[in-house]
Every structure is written in C-alpha cells, then in structure tokens.
C-alpha cells in the first residue's frame with residue numbers, strides 16, 4: 001500500500017512538473033512556487049482551498065484517463081502495444097498540428113492588427 005501511495009505522489013509531481021514545463025510564457029518567473037497554483041486549483045473541485053482525499057482521487061483518475069487516451073492515440077494499429085515508430089509518428093503528428101495551430105494564430109493576429 002505504501003508503494004502505491006509513493007508511486008501516486010511521484011506521478012503527480014512528475015506530471016505537474018511536465019505540465020509546468022509546457023506552459024510557456026504564461027508562467028514566467030522563477031522559483032519553486034511557479035505554476036503550482038493551477039495544479040492545486042484543478043484538484044480543488046469544491047473551491048474550499050483544500051484538497052480532500054476524494055478530490056485527490058478524482059484528480060488521479062482524470063490523469064489516468066488522459067494517459068489511457070494518449071496511449072490509445074499512439075497505438076495506431078490497435079494491437080495494445082506502442083512501437084518506437086508509432087510513438088515517433090504520434091509525436092511528429094502533434095508537432096505538425098502545433099505548427100499549424102501556431103501559424104493560424106499568427107495569421108489571426110496579423111489580420112486583427114491590420115484592422
């Protein structure tokens with residue numbers, strides 16, 4: 001049981017650090033508290049500024065669901081395994097999608113600044 005709790009805590013910290021890393025400019029600044037507020041707010045479902053065990057479990061379940069969805073997305077042939085090729089193609093597809101999204105946002109900014 002202790003191993004499970006430690007695993008969950010390490011997973012939560014790892015995911016929050018990974019998510020924080022991908023926030024970009026929205027999270028400028030330095031220091032250990034950078035970005036932790038959003039994670040806490042997401043876990044604090046009733047807004048009482050405390051995270052109950054039930055809220056924690058809901059957060060862990062949500063993270064698990066998203067992880068399963070990402071795995072299924074990468075498993076392009078549906079065999080229950082992700083090969084290096086599938087992972088690479090998935091990553092390349094996401095990069096391409098982000099480039100297209102960024103380009104569309106830049107075009108939108110240019111269009112709105114011309115008005």
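Note: Cβ is positioned from N, Cα and C throughout, glycine not excepted.
All TrEMBL annotations are machine predictions without curation.
Pulled from TrEMBL, these are the features on record:
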SIGNAL    1-19  signal peptide
REGION    20-40  region 'Disordered'
DOMAIN    62-97  domain 'EF-hand'
REGION    72-115  region 'Disordered'
COMPBIAS  91-102  compositional bias 'Basic residues'
COMPBIAS  103-115  compositional bias 'Basic and acidic residues'
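For the compositional bias 'Basic residues' (91-102), DSSP puts the residue distribution at 12 helix, 0 strand, 0 coil. On the 0 to 100 pLDDT scale, the domain 'EF-hand' (62-97) averages 94 in this prediction. Per DSSP, the secondary structure of the compositional bias 'Basic and acidic residues' (103-115) breaks down as 12 helix, 0 strand, 1 coil.
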